[in-house]
Amino acid sequence: TCAALTLLSGSVAALGVWKWLGKRTVQKKMEEARRTRVEGLKKMAKAVQQFREQVPDVQRDAILSLPLLELTGRLQEGSLSPRTVLYTYLEKALEVTQQTNCLRHFIPECEEQLQEIEWHKEKGLLYGIPVSIKDHIGHKGHLATCGLVQCLGTVMEEDSVLVKVLKRQGAIPFAMTNVPQSLFSYECSNPIFVQTLNPLNPQKSPGGSSGGEGALIAGGGSILGIGSDIGGSIRLPSSFCGLCGLKPTGNRLRWVLALPCQPCPVPCALGPMARDVDSLALCMRALLCQEMFQLDPTVPPIPFNEQVYSSSTPLRVGYYDTDGYFPLPPCMRRAVKETRCALQAAGHQLVLFSPPRIPYVMTELFFKTFFADGGHAWLDVFTGDIVDPGVKPQVNTCKIPRLVKKLLALLLKPLQFLLLLKLKDVAMICICRSVKEMWNHHHQIQEYRSQFITQWKELQLDVVLCPVLGPAFTTGYPRKLLTAISSTMLYNVLDFPAGVVPVSTVTEADEEELKLYKGCCDDPWDRTMKQAVSGAVGMPVAVQCVALPWQEELCLRFMKEVETLSRDK
């Protein structure tokens, strides 16, 4: 007995030592990554300082205030040099990241790209434009971390297709931006590079997962950024930070999976983020070129349709201000109402539209896609890692034993509609119990898309106006309200192009009305939503614009109309 106890205690001690060593290794890797980042930012600051000494009379504020279209014009005609513009934005990006922690890494090769474009005879559509890219978009010689320790040792051997096309069009990728751990969160935080803050209010989140992009562009440190979106990851930061952002149809631009657990039935899309809609259109025009189609034959060779984007034909617009699943704060519904009235006054036809079966879409289609295996594939990416508080609730839910999940899924299914109003995290335990059920799940997604398109066509709609989640949540709240993303998630399941346009700001009257907000039934989730968005006076309020698949130009044209009308108020 004594020998057995000794052996047991020795095993426990050995296990403790092994765990300690594992944690220490993780800590060392994170410290090294942070050290590398600090060194990179110091090099960036040194390069900026040298430029300032060589060219002391640069009108920095004048350059930073130029809209993208005007800036490209100045660069094309030669009245501004790419070098001046690059170092102006590098300097501003350093200031913004000191306030918000939005940069993951500086791309020193931007100086080589600067020299490269100066030798080119032909100037691309993005000639001399500094562009920021999201952490996991591959750039040669750099990491694509996804906020995970296990990704810290893998350096990209070549540029991703999208980065190659940006460079061929004369753009200068200069920085990679921070993301939430594993990208599956709209709170921009990870254990390696920690929390990113909203430049408009440091108490608020910039959203996610393209939160670093949102913070950098909103802070003025970038004029054009590339994000990705699988549940709202371009549109939520755009809403929270007061930007324009476009999630295209899944395969309109080249996409490479960053994580092995990312599913196919609900595609992830790469898309642009900027200060105005014309910037998004210019970016899409530049990317949808012969170079893109040659580098990746899986991208449909559909160039940007200028005629559709510049059309002024009145539109037939479907609209709704709630999806009936997670009621949004009063200011977001006000934004839809005011935009609807402005569109009607401008001669467009408005038609009430009701998106069908959103609770079913959330649980049976969206979350079941991600957690069909009970979340095991997703949990694997955290192996040997420290779990960030931003994703801990989801990780803990996925760690519920498989048998318990199956039992809960069976027991709760008959009560699902009622429970959705009270137990919104029930969505996280929906699983596929067999391969046959998985195939059926894929079929259900296709079936829902067909039903939605049929309803759209019956009403003869061109586009749809609807709400987006906002205003910006107080830091720490996105992790408590994962299922509040129904407004954006829907269009990932459908694989429709969808964009966000800021149209207003939170007023004192909105804040007063928020005090009366009850949500669905004044349950804990509704009260949490109320807390998340309170104290947001002056923060941006946006709407969402949607078109049918492959109609990005029509979506952008509608976004431009909304933007113009909101500015004319």
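Here the Cβ of each residue, glycine as well, is placed from N, Cα and C on the backbone.
All annotation found in TrEMBL is predicted automatically rather than curated by experts.
Among the features that TrEMBL reports, active site, charge relay system is placed at Lys134 (among others). Residue density at Lys134 (active site, charge relay system): 27 other Cβ atoms are found within 10 A of its Cβ, drawing on all protein chains shown.
According to TrEMBL, the feature active site, charge relay system maps to Ser209 (among others). All protein chains considered, the CB of Ser209 (active site, charge relay system) has 33 other CB atoms within 10 Å.
For Ser233, the entry in TrEMBL reads active site, acyl-ester intermediate. With a cut-off of 8 Å between CB atoms and residues at least 6 apart in sequence, the same chain places Leu183, Tyr186, Gly208, Ser209, Ser210, Gly227 near Ser233 (active site, acyl-ester intermediate), listed in sequence order.
If you look up TrEMBL, you'll see Leu183, Ser209, Ile230, Gly231, Gly232, Ser233 marked as substrate binding site.
Residues annotated as domain 'Amidase' in TrEMBL: 85-556. Mean pLDDT for the domain 'Amidase' (85-556) in the predicted structure: 91.
Within 10 Å of its Cβ, the residue among the binding-site residues Leu183, Ile230 with the fewest other Cβ atoms is Ile230. Taking each Cβ in turn and tallying the other Cβ atoms within 10 Å, the top scorer among the binding-site residues Gly231, Gly232 is Gly232.
Distance between Cα atoms for Lys134 (active site, charge relay system) and Ile230 (substrate binding site): 14 Å, as a whole number.
Our reading of the substrate binding annotation (Leu183, Ser209, Ile230, Gly231, Gly232, Ser233) yields a largest Cα to Cα distance of 11 angstrom.
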